[in-house]
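What follows is a set of notes on a single structure, which appears directly below.
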Amino acid sequence: MDSKSEKGVVEISTDSVSRVDKYEFYDPSKESIWTRVGLNLESFKRAPGTTGGQVIAGQHNVEDIEHVQADGPMLQQKLKPRHLKMIAVGGSIGTGLFVGSGLALRQGGPVGVLIAWVLIGAMLVNITQALGEMAILYPVSGGFYTLAVRFLDPSFAFSMGWNYILQWAVTLPLELTVAVTTVQYWGEDLMPVAAWITIFWMIIIVLSIFGTVAFAEEEFWSSCLKLLIVVMFVIIGIICVCGGARSGSLYDHYIGGSFWQEPGPFANGFKGVCAVFVTAAFSFAGTEIVGLAASETPNPRETMPSAVKGTFWRITIIYITSLTIIGLLVPYTETRLFGGSGSNASPFVIILDNARIHGLSHLVNLTICISVLSIGMSSVYATSRTLVALAETGYAPNFFSYVDKAGRPLFALIFILACGAIAYVNTAAAGDVVFTWLLGLSALSTLFTWLSICLCHIRFRRAWKVQGHSLEELPFQALGGVWGSWFGVILIILVLIAQFYVAIWPIGGMNPNPGLVAQGFFQAYLALPIMILFYIVGYLWKRTRPLRAHEIDLDTGRKSWLTVEEMREYRAERARAPFYIRIYRMLFTN
């Protein structure tokens, strides 16, 4: 066996009449366990080739199967079905629900919160369905960024991609700071702020050394904990609403909908609902990461549908049920919603304290802390994978495309982990001001990302039709079809308008000082001019233009080549399953 084979490299050559094509595949299983988990020097060497580890459905319909296998991501397929499900179900549950819901209640009132979350949730269901349809067919490196390059415009994708990186690059130090405020719930003098930041930063760095597996396992177990806490909270909340709490507590008698009557269902009228729309949208940030994860799972056609459908259950059961209970048990005039910070302003903690269940409030606070670190890990994952894709498409320095033998995008990881040092700004007197402006750089990036996913889906469906393909060929079809994506586009535009309205005329009225008005506006809307600037730079750099529907490449990165007849046979066979199995598949799988 030659040296390449000993290092896990397999050469496959395909002879034809006029030429010989050679593809190099890398088999990580031939490496030592220490290399695979990333704990020796060998693991940091560049992977010599793609693993070709993704299942190709209908491969008998492909003339050059080795080419299709080689046309895969350099990242290794280490994610298991349970990982993908929990990334989808619990991945973005964090401070947006546990703490941010308190701000939303204060701004919009209980009914305003439900209106905003139901509409944004409906939009997210359609977005994840559209993303699932494309990611299952094209589980490419970079996910929605790479699809935007192909289906929309490379210059727009460049702008969206770098905005997405900025969003998460700021999120990491922010979450490190929020983690500090969380542990300060147990005492502000336990340890200096800089020491806490260092501890949490080191935890994320150590987990990142273990690569995709560490992220996946952390997401799985932290999501399990978050789901457990939410289910426990819902049960306790129902008991409290019915007056079953301890004698002498605020909930020792029937509460019902009394707080919807006094102080009322809406806190600040229409303006309050507009403000909550923005908060609700940002609380779902990270939902799209499941699209990035598709490239690191062996068989997206089998595992992605259940992950995509899990978003619906997360929104309906976790968010809507929890927010309904919060609105019933906490009036929007609660003083701790105004004066508290971190866990002290969490409606979860407030309700447990009002019910005199003090021990559980510590468990909830611990969960909030773990959730914050989980989102920090998500920021590392999302940024590094997007940066690799930017480098592969020529819109970032080429060294960011470096993927080592442990499957880590090494230099992309170093870049995002270094951004964690920004958290130390919080120890300075002007730290809050700096963070406010940094957040302004990326405040709207999530909305731009979701908008690009919807537009990609619309363009993909158009190209698929124009080039003579049938929807029956698709291994997974979005529930709302192209109309669901149009619904997403319209609602995102309305949220952007609401953000503009609240930025100019905030709750409490416009400030008489024009300078403060301008400052507040740009802190909320700075991402838009940055997005436009990136687009101009991308266009001047590459001089690209959007492709017409018949010019769009529908084959590169494609992993499902089943014909209409084969898909009809597949669906007919599944239709013969017992009724209860068909119901289960409809709700939870494909």
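One is the number of the first residue shown, and numbering goes on along the chain from there.
Even glycines carry a Cβ here, placed using N, Cα and C.
Here TrEMBL flags 83-548 as domain 'Amino acid permease/ SLC12A'. Within the model, the domain 'Amino acid permease/ SLC12A' (83-548) carries an average pLDDT of 86.
Remote same-chain residues near the transmembrane segment (84-105) are listed as 112-113, 116, 128, 175, 178, 216, 219-220, 222-224, 226-227, 230, 267, 276, 279-280, 282-287, 289-290, 293, 297, 303-304, 306-308, 310-311, 313-314, 318-319, 322-323, 326-327, 330, 332, 336-337, 340, 342-343, 345-348, 350, 364, 367-368, 371-372, 374-375, 378 (criterion: CB distance under 8 Å, separation of at least six residues from the stretch ends). Marked as transmembrane segment by TrEMBL: 84-105 (among others).
According to TrEMBL, the feature transmembrane segment maps to 111-128 (among others). Sequence-distant contacts of the transmembrane segment (111-128), counting only residues of its own chain at least 6 positions beyond either end whose CB sits under 8 Å from a CB of the stretch, comprise 88, 101, 104-105, 260, 265-268, 272-273, 276-277, 279-281, 284, 287-288, 290, 308, 311-312, 315-316, 319-320, 323-324, 326-327, 450, 453-454, 478-480, 484-485, 487-488, 491-492, 495.
Per TrEMBL, transmembrane segment is recorded for 135-152 (among others). Long-range Cβ contacts of the transmembrane segment (135-152) within its own chain (Cβ-Cβ under 8 Å, at least 6 residues beyond either end) map to 54, 73-75, 160-161, 164, 288, 290-295, 297, 300-301, 304-305, 385-386, 388-390, 392-393, 449, 452-453, 455-456, 459-460, 463, 474-476, 546, 552-553, 556-560.
If you look up TrEMBL, you'll see 193-215 (among others) marked as transmembrane segment. Counting residues 6+ beyond its ends, the transmembrane segment (193-215) has Cβ neighbours under 8 Å at 37-39, 75-76, 78-79, 172, 176-177, 179-180, 183, 296, 373, 376-378, 380-381, 406-408, 413, 417, 420-421, 423-424, 426-427 in the same chain.
What TrEMBL records for 227-245 (among others) is transmembrane segment.
Residues 88-90, 93, 97, 101-102, 105-106, 108-111, 113-114, 117-118, 121, 124-125, 128, 227, 230, 233-234, 237-238, 240-241, 251, 255-257, 259-260, 262-263, 267, 287, 290, 347-348, 350-351, 354 of the same chain lie 6+ residues outside the transmembrane segment (311-332) yet bring a C-beta within less than 8 angstroms of a C-beta in it. Sequence annotations record features per position, and here TrEMBL assigns transmembrane segment to 311-332 (among others).
If you look at the transmembrane segment (363-382), the same-chain residues 6 or more away from its ends with a CB under 8 A from one of its CBs are 91-95, 98-99, 164, 168-169, 171-172, 175-176, 178-179, 182-183, 185-186, 200, 203-204, 207-208, 212, 215, 218-219, 222-223, 225-226, 229, 233, 286, 289, 292, 343, 346, 348-349, 352, 413, 416-417, 420. Residues or ranges marked as transmembrane segment in TrEMBL: 363-382 (among others).
If you look up TrEMBL, you'll see 410-429 (among others) marked as transmembrane segment. Counting residues 6+ beyond its ends, the transmembrane segment (410-429) has Cβ neighbours under 8 Å at 44, 168-170, 172-174, 176-177, 180, 193-194, 197, 201, 204-205, 208, 376, 379-380, 383-385, 387-388, 391, 399-400, 402-404, 435, 438 in the same chain.
TrEMBL lists 435-458 (among others) with the feature transmembrane segment.
Among residues of the same chain six or more beyond the transmembrane segment (479-502), those with a C-beta under 8 A of the stretch's C-beta atoms are 119-120, 122-123, 125-127, 129-130, 271, 274-275, 277-278, 281, 444, 447, 450-451, 453-455, 457-458, 461, 524-525. Taken from TrEMBL, the feature transmembrane segment covers 479-502 (among others).
Positions annotated as transmembrane segment by TrEMBL: 522-541 (among others).
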Q: Take the transmembrane segment (522-541) and find every residue of the same chain, 6 or more past its ends, with a Cβ under 8 Å from one of its Cβ atoms.
A: 154-160, 162-163, 166, 395, 436-437, 439-445, 448, 499-500, 502-503
